[in-house]
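> I have a structure I would like to understand better, so I am pasting it below and will then ask my questions one at a time.
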Amino acid sequence: MGILEKISEIEKEIARTQKNKATEYHLGLLKAKLAKYRAQLLEPSKSSSSKGEGFDVMKSGDARVALIGFPSVGKSTFLSLMTSTASEAASYEFTTLTCIPGVIEYKGANIQLLDLPGIIEGAAQGKGRGRQVIAVARTADVVIMMLDATKGEVQRSLLEKELESVGIRLNKHKPNIYFKPKKGGGISFNSTVTLTQCSEKLVQLILHEYKIFNAEVLFREDCSPDEFIDVIVGNRVYMPCLYVYNKIDQISMEEVDRLARKPDSVVISCGMKLNLDYLLEMLWEYLALTCIYTKKRGQRPDFTDAIILRKGASVEHVCHRIHRSLASQFKYALVWGTSTKYSPQRVGLTHTMEHEDVIQIVKK
């Protein structure tokens, strides 16, 4: 029996098993086996030597955004509107066959936008260009899931299921579980909270399925067996996702209002160029970027060339971005902006910078 058949059998078994206290260990084991087989399926096959055109895209700019969606939902049109890149757009499926990068210039930052080939159902099993598409999607900072507003719910649940099965967790945080395999001493299990979904016995069963008999496990939050399996496997990617409903000009106002109120969702129309500016604002928020401007002594700040860093970056991060040896020569910095009590304020390396702050670094 091949891996796909085994996965199918386990999925059927999970679907027909009632969820209750008596079956929780059985379900936990099935989920562990399922995660194991899916991980095997995603390992690159040794026989495939051809890399495939247009997939080894070099990361450039200050952030990377992956544009994911079914064929013909408007991804190529969106890329053409947002960037200067022309991605072939047509009203038939599979127009985009390779990964097309473009750059959005927004608030002084260069954001790389990747138009990935339309994901089809079964991409996790390597159908279409699925496996390559997913490999590129895992390197992104944010995912924009482009959906057709006329059939958005069906597309959304299918795509979420596909991405979930390849280890991409959307709008979730990493489970707060400490896990460390050891050479001996058996399994040490502790928790700092009351567990309602996992027990010590279930944790041991899951670990034994992965041939782990000696480990230290500490639950710092109430997690499900699935989340514990994610911690064991370790190759999961947790990233923010914006659900973008395109073609809202083809649905009723009531439906537009319902979709717009959903969490992490934006409604747009590429054809009529509606709400694209709001989408950019939301994208900036999800990327959590900060622009920092530099100033030389006795000169005006340079507002043409910003340093782009993650929100919460410190003066030390700014030093490393300018030059790797600058932090070791650092004496103090003068900062103008919202992060200071008064301008300019003399600060040290640990001072947290805010958006559009101006900094002047003084060396020893």
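Yeah, the Cβs are placed from backbone N, Cα and C, and that goes for glycine too.
Grabbed the feature section from Swiss-Prot, which reads as follows:
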type	residues	note
MOD_RES	LYS21	(3S)-3-hydroxylysine
DOMAIN	63-288	domain 'OBG-type G'
BINDING	SER76, THR96	Mg(2+) binding site
DOMAIN	288-363	domain 'TGS'
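Mind running through what each feature is packed against?
The Cβ of LYS21 ((3S)-3-hydroxylysine) lies under 8 Å from no Cβ of any same-chain residue at least six residues away in sequence.
Counting every protein chain shown, the number of other Cβ atoms lying within 10 Å of the Cβ of SER76 (Mg(2+) binding site) is 24.
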> Per DSSP, how many helix, strand and coil residues does the domain 'TGS' (288-363) have?
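Per DSSP, the residues of the domain 'TGS' (288-363) fall into 12 helix, 34 strand, 30 coil.
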> Give the mean pLDDT for the domain 'OBG-type G' (63-288) on the 0 to 100 scale.
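Reported value for the domain 'OBG-type G' (63-288) is a mean pLDDT of 82.
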